[in-house]
Amino acid sequence: MNTFTLTRPDDFHLHLRDGEHMRAVLADTARRFARAIVMPNLKPPVITTEMAVAYRGRLLAALPQGVRFEPLMTLYLTDNTSPSEIIEAKRSGVIYGIKYYPAGATTNSAAGVTDIARCHETLEAMEQAEMPMLVHGEVTDPEVDVFDREKVFLERMLIPLTQRFPRLRVVFEHITTREAVEFVINAPKTVAATITAHHLLISRNALFQGGIRPHHYCLPILKRETHRQKLIEAATSGNPKFFLGTDSAPHAQFAKENACGCAGIYTAHAAIELYAEAFEQAGALEKLEAFASFHGADFYQLPRNQDKITLKKENWRVPAQLEFGGESLIPFRAGENVTWALDKTGN
Ligand SMILES: NC(=O)N[C@@H](CC(=O)O)C(=O)O
Ligand SMILES: [Zn+2]
Ligand SMILES: [Zn+2]
């Protein structure tokens, strides 16, 4: 197959940052995707409807002329998020999820939840409002091995939570393990998961290929190859509980190439092309459209997109670095080839 046309996809997990950084990365996503669930882990975090509405305004104002793109906003759950904030978020019509970061689990999560028991009334309000909870599913317990933090979160936190709040809609974000895949398959229809392109394409060996590779460092951290295989199986299975969420997470080069480098991989410059590679390698390109364009929209109860994009089988070289608001951003595959290219975007 030399060209491949699919319904325009959506990205159900994306970091767009703010200010100059946001203006540098937004177009990469807007060229490819119709909509994206925009993560709220800014500094300061997006904790109120008012802040989310203002952030949405800045995103729309930064769109290149003539480009249609809909940011689907989220709120950052804290110990103090009130049930009435959930009602207001729902009423706004522009907020589609509440993000649960265990405090300290990942980039800009310091203001996250210290004890989920403090949020029980708020979770009840989310159940009632049908407002999904989006989870960074890793424990922060320093005693737990970094490669086991997702699995342990599942056992200690997520399973009890879904039992206690059976009507709560949950998206287990950027899953990385066999255990997460199996949990989602066996969970009720209210539970779904996003899978990134990088977790489909590389395993933890890529962190240490010939030396330490900070640009492959993200959270949850890359896992061993058997887990990657399981993610590929889930993504290409046709099961509507699994859908596309890039977790594209830009950080400046200096912040990654650092004695204490930040977690996050930037993939928005080639997002759907990278997924096409992963699906083609698995011999399942025909499964990409539902994963990228239908399952997520259906879970979020959004209309499916009507327009199409076309990819062509063509090598192109990813730039060695991208401009990032006066700083430099090293994209995934920097200086190397991607084997699919955007042909027609309709924008
Ligand atoms: N995935 C990451 O490694 N980093 C994300 C945060 C997140 O999604 O956990 C970021 O905001 O940089
Ligand atoms: Zn996360
Ligand atoms: Zn993320």
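Each Cβ is built from the backbone N, Cα and C atoms, and glycine gets one as well.
The Zn(2+) 1 binding site feature in TrEMBL is assigned to His13, His15, Lys99, Asp247. Classification of Asp247 (Zn(2+) 1 binding site) by DSSP places it in coil, neither helical nor stranded.
Residues or ranges marked as substrate binding site by TrEMBL: His15, Leu16, Arg17, Asn41, His136, Leu219, His251, Ala263. Neighbour list (Leu219 (substrate binding site), Cβ cut-off 8 Å, at least 6 residues apart, same chain): Ala105, Thr106, Thr107, His136, Glu138, Ala263, Gly264.
For Lys99, the entry in TrEMBL reads N6-carboxylysine. In three-state terms derived from DSSP, Lys99 (Zn(2+) 1 binding site) belongs to an extended strand segment.
DSSP assigns His174 (Zn(2+) 2 binding site) to coil, not to a helix or a strand. For Lys99, His136, His174, the entry in TrEMBL reads Zn(2+) 2 binding site.
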Query = Out of Lys99, Asp247, His251, which binding-site residues lie by ligand 3, with a C-beta less than 6 Å from some atom of it?
reply = Asp247
Ask   = Which of the binding-site residues His13, His15, Leu16, Arg17, Lys99, Ala263 have a Cβ less than 6 Å from any atom of ligand 1?
value = His15, Ala263
Request  = Can you tell me which of His13, His15, Asn41, Lys99, His136, His251, our binding-site residues, come within under 6 Å of ligand 2 at the Cβ?
outcome  = His136
Inquiry  = I want to check the contact list for Asn41 (substrate binding site): same chain, sequence separation of six or more, C-beta distance under 8 angstroms. What comes out?
reply    = His15, Tyr76, Lys99, Tyr101, Thr106, Thr107, Asn108, Ser109
Ask   = Hey, what's the Cβ neighbour count for Arg17 (substrate binding site) at 10 Å?
value = 22
Ask   = Inside 8 A of the center formed by the CB atoms of Lys99, His136, His174, which other residues of the chain have their CB, for the recorded Zn(2+) 2 site?
value = His13, Met39, Tyr100, Tyr101, Thr106, Leu134, Val135, Gly137, Glu173, Asp247
